[in-house]
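Trainee: These came from Swiss-Prot, pasted as-is:
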type     : residues : note
TOPO_DOM : 1-34     : topological domain 'Lumenal'
TRANSMEM : 35-55    : transmembrane segment
TOPO_DOM : 56-84    : topological domain 'Cytoplasmic'
TRANSMEM : 85-105   : transmembrane segment
TOPO_DOM : 106-111  : topological domain 'Lumenal'
TRANSMEM : 112-132  : transmembrane segment
TOPO_DOM : 133-155  : topological domain 'Cytoplasmic'
TRANSMEM : 156-176  : transmembrane segment
TOPO_DOM : 177-198  : topological domain 'Lumenal'
TRANSMEM : 199-219  : transmembrane segment
TRANSMEM : 221-241  : transmembrane segment
TOPO_DOM : 242-272  : topological domain 'Lumenal'
TRANSMEM : 273-293  : transmembrane segment
TOPO_DOM : 294-333  : topological domain 'Cytoplasmic'
TRANSMEM : 334-354  : transmembrane segment
TOPO_DOM : 355-376  : topological domain 'Lumenal'
TRANSMEM : 377-397  : transmembrane segment
TOPO_DOM : 398-401  : topological domain 'Cytoplasmic'
TRANSMEM : 402-422  : transmembrane segment
TOPO_DOM : 423-442  : topological domain 'Lumenal'
C-alpha cells in the first residue's frame, strides 16, 4: 500500500502575514510594540517645533496673566483687586507662583517665542508622563497615536500658554506616582495641581478613594488628606495672612457667572436655558447622582463592603472602616489600571455635567478619552471614530449647536461606556479576564 504523499504546508499570503504583523505590533504582542511610544514622542517633538515656526501665536490670557503677576509683585495681596485685560484673578496661588517664574524668564512676558518654547517643553514632559501611565496600565499601543494627533491640544499648549497645561501635568504626575504606589508624592502633586486651577476638584472623590483603598491604612489616608490640606494653606499664606476671605472667594469661587458665547458644551440648549438657575441646579444634581452611582457600584468594590458598611464603624464607634487584613486585600486590587480608570472616569463625569466648558478644558479631555473608550470595551475602529468626532467638535470655533451636542454626546458615551464596559476593573472576583488580556498583550 502506497504511503500517502505529504504536501508541504503553504505559507499564508503576504498580505495576511503583513496584517497579522501589524495587528501584533498594534496590540502589544510584538517586540516592536515598545518602539511605538518613543517613535511617536520624537515625531511630536518635531511637530511642536514646526508649529512654533509656522503657526502664529494667539493671544488670549497670557498678557492678562502677566498683568496680574505684575500687580502682585508690586505688593498687592487683595485678590479682589488683582485684574488683567481679560478679567480678575480667579486662580489659586500656585498659578501665581508659576507665572511669576515665567514673568521673569520671558522679560515680563514680552518674549513670547521663549514662552512658546517653554510650553512646548511642558507639553513634551506631560506627553511622556501620559505615555508612561498608559503603558503602566497595559493600554494597547494602538491607542498611543491618539495621544499625539490633537490639533486643539497642541494649540492649548504651544499657541496659547494656558495655565491648564500645568494643572494637567500635575494631574498626570499624580496618576503616575499613584500607579507606582508612591502615595505621598502622588498626593502632593495632585494638591499642587489643585493649587493651579480648581478644575482638578472634579477628580477629588476618585483620588480620595484611591488613597483610601490603595494606601492600606485608614490612618495613612487621613495623614495624606491632612497633608494635602496643609499644602493648600501654605500655598495661600501670602494672601490668606492679609485677605483670607478675598483669596478663598476668588481662587475657589464656585458661583462664577458663565458667558453663553464662550461655551463649548451647552450651546445646543439655547441661551435662555443655559443662563437659568434651574439648568445649573439640574447639572449639579446629575453630577452628584452619577458620582454616587460610580462610588457605590464601582469604585469602592475592592473594599468588598457597601458604602454604609464602610462609614458606619467610623461614625458609630470611631473605628477604621476596614480591618488590617481587609485593607491589605483591598490594596492588592488597586492596580495601575484601576487607579487610572477611576481617576479619569471621575474627571469625565465632572466634565460631562460641567456648567460650561471653554476650549482650554480640552486639555483635561484629550489624553483621557482614548483610554476610557478602550476601557469601555469599544472596538478600535469605534475608539478612533469617536475620538475623531470629538476632536472635530472641539476645533469648531465658535461652537455651534451641532458641535456642542457632539461634545456632550461623546462625553456621555464615554461615561456610560466605562460604567458598563470596565466593571471588571472594580470587581475583585472579575479580574482574571483582565490578567489574561494583559498576558496576551505582553
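Heads up, the Cβ atoms here are built off N, Cα and C, so glycines get one too.
Model, not experiment: these values are computed from the prediction.
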Trainee: Taking residues 6+ outside the topological domain 'Lumenal' (106-111), which of them lie with a CB under 8 Å of any CB in it?
Mentor: 62-63, 65-66, 69-70, 118
Trainee: Between the transmembrane segment (334-354) and the transmembrane segment (112-132), are there three or more CB pairs that fall under 8 A, provided the residues in each pair are separated by 6 or more in sequence?
Mentor: no
Trainee: If you count Cβ pairs under 8 Å, which stretch among 35-55, 199-219, 221-241, 273-293, 402-422 touches the transmembrane segment (85-105) the most?
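Mentor: By Cβ pairs under 8 Å, 221-241 leads among 35-55, 199-219, 221-241, 273-293, 402-422.
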Trainee: With an 8 Å cut-off on Cβ pairs and a sequence gap of 6 or more, do the transmembrane segment (199-219) and the transmembrane segment (377-397) reach 3 or more such pairs?
Mentor: no
Trainee: What are the DSSP helix, strand and coil residue counts for the topological domain 'Lumenal' (177-198)?
Mentor: 16 helix, 0 strand, 6 coil
Trainee: Other than its close neighbours in sequence, what residues sit by the topological domain 'Cytoplasmic' (398-401), given a CB gap under 8 Å and a spacing of at least six beyond its ends?
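Mentor: Those are 261, 263-265, 267-268, 407, in sequence order.
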